[in-house]
Amino acid sequence: MRRPPERATLAALWLLVFSVTTQTMILAPILPRVAEQLRMAEGRVAWIGTGYSVAVALVAVVAGPVSDRVGRRRMLLAGAAAMTVGLALHALAHGFGSFLAVRVLTGAGGGVLTGATAAYVGDYFPPERRGWANGWVMSGMAAGQVLGIPVGTLLAARSGFHAPFLVFAGTMAVAWLMIVRWVPQPDVELQHAPLGTRYLVRHYRALVTRRDAAVAILSNFGMFGGTALYVLFLPTWLEEARGATPGQVALLFALGGAATVLAGPAAGRFSDRTGRKRLVVGASVGLALGIVATVPVARGMTAAYLLFTATMALFAARASPFQAMMAEIVPDRQRGSMMSLSMAVGQAGSGLGSALAGATYAYAGFGGNTVLAACAALGMAALVASYLPETAGSYNTRENQP
């Protein structure tokens, strides 16, 4: 079979990530519209997000080993189809129960796609271009922040909260068609054991008993948790302490998203040439410094724009090579499980970080949030520097058998 153009494969994965990310993030800004149209308290509607996250995490844990058995392409097709149907069914959501049901179905699709997309990049792209490919695919998340969220918010205001989900059903359907056409099954070693509970338990036991895999998963937990600690209450602090307007906050995040789009692929390509470990460690240390500098440095919005843009560039400079590193730590037959479990644990880290962010902001102010977030970044740097191998260059996952 003729190998499709590499950039076409990347485009399919990029649109997939863009659609998944945007339909997830859109709930927060349109929450008032949802509460108004469904005639319920915003606090109750917020549980919809919890239902989605739980579905993602539970399905991801099962989907990872399954993808190691049946291949990543099948999982991408199944996950994209499930999410397309789930998003389209949002048109029928006219109450709490029906809205929760369609979000859970959509979350199930997200659970399949979360690890399968990252694992596919590790399977398909050779080590010398893996960081670059990860950077481009992950830039779909930032593009969702810059483009998808504002457009979705505007659609919800004009046409009702169902409208953005239906648009994202369309983009996901296009992504599914692109996967059919341009995303082949990579030529990698798969598991051959029969599927079942025993297979899942044995598969994950073999994974988490590897020190490098366990440390990488723990580092991902800290990365997601630290991000939530810093970002969640940044807009609130800027409005309360610096007098920022909603428009200025929107511009801040647009600039941060643009920095991520540019920095992610560049950092990935740089890690392909010079190594992933030093870039992850260096970006984490720089990120910690940028985070703790927020309160004393960002005394006006111009300084906040510059600092946040630099900080988001460092976030991307850390995330792209680290995702490539996680995919390379384990052999082909464990990659799906590794990426799915790490993403599920990352979701847990984000949840814990969000909870800590609220409590810390209430008792210590945003300065306390920045200290904890910086500690999380430094902790990740220490773990990666001390326990994880350099995986770029001559490192070959097929030879890295447990």
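Glycine is treated like the rest: Cβ placed from N, Cα and C.
According to TrEMBL, the feature domain 'Major facilitator superfamily (MFS) profile' maps to 9-392. Per TrEMBL, transmembrane segment is recorded for 46-63, 75-93, 99-121, 133-157, 163-183, 213-237, 249-267, 279-297, 303-320, 341-364, 370-388.
Note on the transmembrane segment (370-388): residues 211-212, 215-216, 218-219, 222-223, 225-227, 229-230, 277, 280-281, 284-285, 287-289, 291-292, 294-295, 318, 322, 325, 329, 353, 356, 360 of its chain, located 6 or more positions outside it, place their CB under 8 angstroms from a CB of the stretch.
At the 8 Å Cβ threshold, with sequence separation of at least 6, the transmembrane segment (213-237) comes into contact with the transmembrane segment (341-364) through 3 or more pairs. Outside the transmembrane segment (279-297), and at least 6 residues removed from its termini, the chain residues within Cβ reach (under 8 Å) are 230, 234, 267, 270-271, 303-304, 307-308, 310-311, 314-315, 317-318, 321-322, 325, 366-367, 370-371, 373-375, 377-378, 380-381, 384-385. Relative to the transmembrane segment (75-93), the listed stretch 99-121 leads the set 46-63, 99-121, 133-157, 303-320, 341-364 in CB pairs under 8 A. Contact between the transmembrane segment (341-364) and the transmembrane segment (133-157) is absent: fewer than three CB pairs lie under 8 Å, with pairs separated by 6 or more positions in sequence.
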